[in-house]
Amino acid sequence: MVTWTQMYMPMGGLGLSALVALIPIIFFFVALAVLRLKGHVAGAITLILSILIAIFAFKMPIDMAFAAAGYGFIYGLWPIAWIIVAAVFLYKLTVASGQFDIIRSSVISITDDQRLQVLLIGFSFGALLEGAAGFGAPVAITGALLVGLGFKPLYAAGLCLIANTAPVAFGALGVPILVAGQVTGIDPFHIGAMAGRQLPFLSVLVPFWLVAMMDGWKGVKETWPAALVAGGSFAVTQFFTSNYIGPELPDITSALVSIVSLALFLKVWRPKNTETAISMGQSAGAMVVNKPSSGGPVPSEYSLGQIIRAWSPFLILTVLVTIWTMKPFKALFAPGGAFYSLVINFQIPHLHQQVLKAAPIVAQPTPMDAVFKFDPLSAGGTAIFIAAIISIFILGVGIKKGIGVFAETLISLKWPILSIGMVLAFAFVTNYSGMSTTLALVLAGTGVMFPFFSPFLGWLGVFLTGSDTSSNALFGSLQSTTAQQINVSDTLLVAANTSGGVTGKMISPQSIAVACAATGMVGRESELFRYTVKHSLIFASVIGIITLLQAYVFTGMLVS
């Protein structure tokens, strides 16, 4: 078997090598933010650039470069695109059945103020979905819900991407934290506890930030009590759950407490002016809210039973994806499990264990696995799809109409699915060629200032892979090693990789493609990217400052 060892300074120096490795990433930013190319076009050109640089600059064998691209593309189709197809299918069923009118009415009965609807649906309910499912489903579902409530697609997608910042680190029952523990050897409980001492600051900030994006300082002054209830209840619960229970449940508990607290609060309080129609403002790119009124929420004309039936697809989804991510269920499909025979593991030819990581990332050359797992029953998307099938019968859609809705879903998602495949192919080429490691080593070389840049490493990882879990797998060990070299807590920097990663989710090409697909913005990925990029950089800087202060000033906040 022919092997190839990654080269991290192929141009002779780390700085120049990093500049070359940056070319595909810079092009992707420019393609979306300046050239305004469609997502699948930008992704395809970026993929071609990354393959050429991998082969000619980083000396990756041609067959391995194309194998990495192929592996990334099929990974984009399964499990990522499958999750999105199932989530959008579920939403479209509620619309086709006419039940979304009841969902809309039930939300308006709590508040008809769109600023508060974003907090309730985008922030709190989205966090619940992130805790249970993760991997794109929360943004797809909450974005579609907000469009159904009357939000313009760009705002629905952008606001949900930014709202999804707070819960990502503990998503899918703590998988990102658990993976960080696996690759570093640090107790996941300690990593989760440390992240739980960083992210609550962001959790409090995000609701205020969302309102400010929609209605400026005026909106914050009018709605600050509700924003404080939503963010404060989430942050406090997030801290206590992560520090005293474990990394698996912070999103579930925080989201439930936030939803209940905000819903109950809105029963006894409402802003002086209720804002019900959002449009883009003329100054500072702010979102200004029109049609002020003080009429308050409109009582629902539907019974409790009708409301529960309308919401049942999302209730079933939450229950099923929670079951799907629990250890006993996963054990059924693990080696030795009762249903392991239903899982197909395919070793990627010309790639599996043929690419070797090298020092300083690892002590000795270590082969990288490349195994595609096709798990038709245990995949998260299947849980959502089963929820959709059950919903066909509960909502009375009918099998024939349900099949038609599914076909319509596939047709509407053809370009987003291609975009997802392309960006994952680019990400995998970047990873297997060593380009991502070269960029990481540049950041790691910042010495005593590295605690500030540490979250940006997680940010970069999530931008490249679309996943906080993958970012931790990619850079977790580098964070730990660098921490020991500069005499800083390794638990702090590994947690910072996770915390910083959440701020990159809103600009990840994968997330952008998912949000556009769910809100009917196919081909408008550049608009959404330009809408979220500055917020991503600001949030990453906030986490960087928090990490720097915890490393050298507020050392009492460290997990001992």
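Backbone N, Cα and C define each Cβ position, glycine as well.
Remember, predicted model here, so these are calculated numbers, not experimental data.
According to Swiss-Prot, the feature topological domain 'Cytoplasmic' maps to 1-13, 63-69, 152-158, 221-225, 270-313, 400-408, 460-536, an assignment based on a curator's inference. According to Swiss-Prot, the transmembrane segment annotation covers 14-34, 42-62, 70-90, 131-151, 159-179, 200-220, 249-269, 314-334, 379-399, 409-429, 439-459, 537-557 (among others), on the basis of sequence analysis. According to Swiss-Prot, the topological domain 'Periplasmic' annotation covers 35-41, 91-130, 180-199, 335-378, 430-438, on the basis of a curator's inference.
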What is the number of residues in the topological domain 'Cytoplasmic' (400-408) that are helix, strand and coil, as DSSP sees it?
-> 9 helix, 0 strand, 0 coil
Range from 314-334, 379-399, 537-557 with the greatest count of C-beta pairs under 8 A to the transmembrane segment (439-459) | 537-557
Can you name the far-off residues of the same chain, 6+ from the ends of the transmembrane segment (379-399), with a Cβ under 8 Å from a Cβ of it?
-> 78-79, 82-87, 89-90, 93-94, 96-97, 99, 133-135, 137, 172, 309, 312-313, 316-317, 320-321, 323-325, 405
Counting only residues 6+ away from its ends, which parts of the chain sit with a Cβ under 8 Å from the transmembrane segment (159-179)?
-> 118, 122-123, 126-127, 130-135, 138-139, 142-143, 146, 151, 188, 191-192, 195, 199, 202-203, 206, 209-210, 213-214, 234, 238, 242, 246-252, 254-255, 322, 325-326, 380, 467-469, 471-473, 476, 498-499, 501-503, 505-506, 511-512, 515, 528, 532, 535, 539
Does the transmembrane segment (200-220) make contact with the transmembrane segment (537-557) through 3 or more Cβ pairs under 8 Å, each pair 6 or more apart in sequence?
-> yes
By Cβ distance under 8 Å, which residues at least 6 away from the ends of the topological domain 'Periplasmic' (335-378) in the same chain are close to it?
-> 1-8, 61, 63-64, 66-68, 70-71, 74-75, 78-79, 324, 329, 432, 437, 441, 477-478, 481
Ranking 249-269, 314-334, 409-429, 537-557 by Cβ pairs under 8 Å to the transmembrane segment (70-90) puts first 409-429
So which residues does the transmembrane segment (409-429) touch in its own chain, when a touch means Cβ under 8 Å and the partner is 6 or more beyond its ends?
-> 24, 28, 38-40, 43-44, 46-47, 50-51, 54, 65, 68-77, 80-81, 84-85, 88-89, 92, 435, 464-466, 509-510, 513-514, 516-517, 520, 522-523, 525
Work out, from DSSP, the number of helix, strand and coil residues along the topological domain 'Cytoplasmic' (152-158).
-> 6 helix, 0 strand, 1 coil
Looking only at the topological domain 'Cytoplasmic' (221-225), report the model's average pLDDT.
-> 96
Are there residues at least 6 beyond the ends of the topological domain 'Cytoplasmic' (152-158) whose Cβ is under 8 Å from a Cβ of it, and what are they?
-> 139, 143-144, 146, 213-214, 278-279, 287, 515-516, 518-521, 524, 527-528, 531-532
Same-chain residues near the topological domain 'Periplasmic' (430-438), Cβ under 8 Å, at least 6 residues beyond its ends | 6-9, 14, 17-18, 21, 24, 50, 53-54, 58, 60, 64-65, 68, 351, 355, 357, 361, 368, 370, 460-461, 464-465, 474, 478
Helix-strand-coil residue split for the topological domain 'Cytoplasmic' (460-536), DSSP-based | 65 helix, 0 strand, 12 coil
